[in-house]
Amino acid sequence: RCLPNYCEHGGKCSQSWTTFYCDCNDTGYMGATCHNSIYEQSCEAYRHQGKMSGFFYIDSDGSGPLGPLRVFCNITEDKIWTAVQHNNTGLTRVQGADPEKPYTMSFNYNSSAEQLEAMINSAEYCEQEAAYHCKKSRLLNTPNGMPFAWWVGRANEKHLYWGGSLPGIQQCACGLEESCLDMRYFCNCDADREEWTNDTGLLAFKDHLPVTQIVITDTNRSNSEAAWKIGPLRCYGDRQFWNAASFNTEASYLHFPTLHAEVSADISFFFKTTAVSGVFLENLGIKDFIRVEINSPKEITFSIDVGNGPTEATVQSPTPLNDNQWHYVRAERNLKQTSLQVDSLPRKVLEAPAEGHFRLQLNSQLFVGGTASRQKGFLGCIRALHLNGQKLDLEERAKMTPGVKPGCPGHCSSYGNLCHNGGKCVEKYNGYSCDCTNSAYEGPFCKEEVSALFEAGTSITYIFQEPYPVTKNASTSSSAIYVDAVMSKENIAFSFLTAHTPSLLLYINSYFHEYLAVILSKNGSLQVRYKLSKDGLLIFTIDSGNFANRELHHVKINREGRELVIQVDQVLKLKHNFSEIDFKAIKSLTLGKVTDSLSLDPEVSKANAYGFTGCLSSVQYNHIAPLKSALRHPSVAPVTVKGPLTESSCASIMEADVNTVTTIYSSSDPFGKTDEREPLTNAVRSDSAVIGGVIAVVIFIIFCIIAIMSRFLYQHKQAHRSSQTKEKEYPENLESSFKADIDLQNTVSECKREYFI
């Protein structure tokens, strides 16, 4: 039963008297026949699982023959970048190359050419940086000469254009922009100057990527030198993930070539509809057929007949599926099973009969969104349709089909919940994005904290728009405007980390000399202080521990009307109902030290004297993010920063000493770019550091070996003398020997101590 082997993707076959089994361990695939990839097809798909930036495996053709590819997914902005590293992305120096002895470097991406080609074809845009730093070394030998350097791309084709230029144009970026150092040439390096210059740009014609080889032939003359760099392959966009079609009538459909899947078949897609029933797709044979449909608002059915009679796998949902939200369907058939998966509901699996027909033979066109009889057509949207790992371009086919439109609006209804912390979902033609403008967070899902380190004198003041031009002689009518400006709520959220008390964290004041202050008392307790014109001073103390303990604490203060709720570290700490609240005409919000401290009460003034030393993160006041405004838009937002303010990550420095203001740098790109104004400086410094380190380690090891051998020889010599003379040693000899031994032990001990440091 294992001949032929129906286990796919390298699965190991074993058998019993009645059937066969597939071991899919270490294949990257799963299922009864190792047909389904365990990886997503793109970084875009990982993003919609809520993943953050990191290394992932992607399988561009799903259940197809190509294996998974390890990539870096940069999920930090609206465009999700996919990066594939090769074996030499650093700056590399070249000397001594000429046309007879050219310098050649080939690139290894730890993948097959077919895997890279599939990834590139699935992307909307791809690029590779190409940099050539030169000193008396020509590049393309423009305007009319034969190039001295070139690169080889996909299909082993030689290309004579450089980064920033276009295919077929033997120029560099400066040639197209007419900005070369010498306008007689189309590349900076072709001017053949004695000083360092460079030609740098992006190779972005997808059909020529990736770069597989670079050849350099002009570094063998006097004072001739060059350094090159080819960056990682970077792509963004998934052309298939948002590829959709809208079916507007029951008689409309798209047709594609016949599905060839005799032994195994898988079908996956997203749909959304308000219709009660309809056929998603259908393919017929003489007797055989395959069909996926929605039978009722809560029921999806996968039907197939390979000659043994129809088999139906049905999944019933507890909630209606015609709710105009995106739902996922995956149907699979192989020699062992027929299965159907809908969203995250339990998978329906039917075992295949041990005997009988097993080949699915189809001969008609594949109908999507309808049937050959044009009955029970589908009304709604279908997106990201895959058949056996192959991607069907619904949008392109819909452009030429009446009753069907390319694309499908309304993604936020399904994915809007992925925008966190007050971020708003924004519809796009292909997908959606999260608008974090009014959120204290940032990133593709508004989940990345924005935080900074404060010192004792640091102050951030956000000035609110005045309700009207404030004058000293406010009239009665003007006061009425003030009364209308009563704040009905405060939604305050922030995180802090400090080891200092007392501290003033946040201070909000009004034009009526009312205020709201959040301080840390001397004993480390948290105080929320309201001063109102009618109720006077109200103090709410959270004394469940010392909050100045170098740990990150999260504070939420929510007031809706008269009800106040305070949470610390996601735990409800206090509830209070005001008798009357009239917090009016907010003037400013301050983080850290208040510079205008004349109107502060004694307790707040005492905390303000020390300001705040530590880390503040993701500060939100209603729809305003003052800390984010100070860090991201200091010249546009009505915000004033005084004293040292260093952007950092509170979570990253939780274990560090907050008394030392330290900047923590991080990069979303693991293949970071270096400063290339002097291309060989960094390499020389790096080489010198490595050589010096190696020499120091060798000397250190030799010193340790000499010390240990000296001790051993000394002990051996003493033992030899003792055996020859067999005389009783004098106390002074014992003492001197003991001292020498101790000194030697101390030497070895010190040597070990230095080694572990």
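Note that the numbers count up from 1, one per residue, in the order the chain is shown.
In case you wondered, yes, glycine gets a Cβ from its N, Cα and C as well.
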Which candidate, C381, C436, C446, does TrEMBL give as the disulfide partner of C408?
C381
Of C381, C408 (the disulfide-bonded residues), the residue whose Cβ has the fewest other Cβ atoms within 10 Å:
C381
Structural state census, the domain 'EGF-like' (409-447) (DSSP three-state)
7 helix, 11 strand, 21 coil
Highest Cβ pair tally under 8 Å against the domain 'Laminin G' (470-650), stretches 1-35, 243-408, 409-447, lands on 409-447
Across the domain 'Fibrinogen C-terminal' (34-86), DSSP labelling yields 5 helix, 18 strand, 30 coil
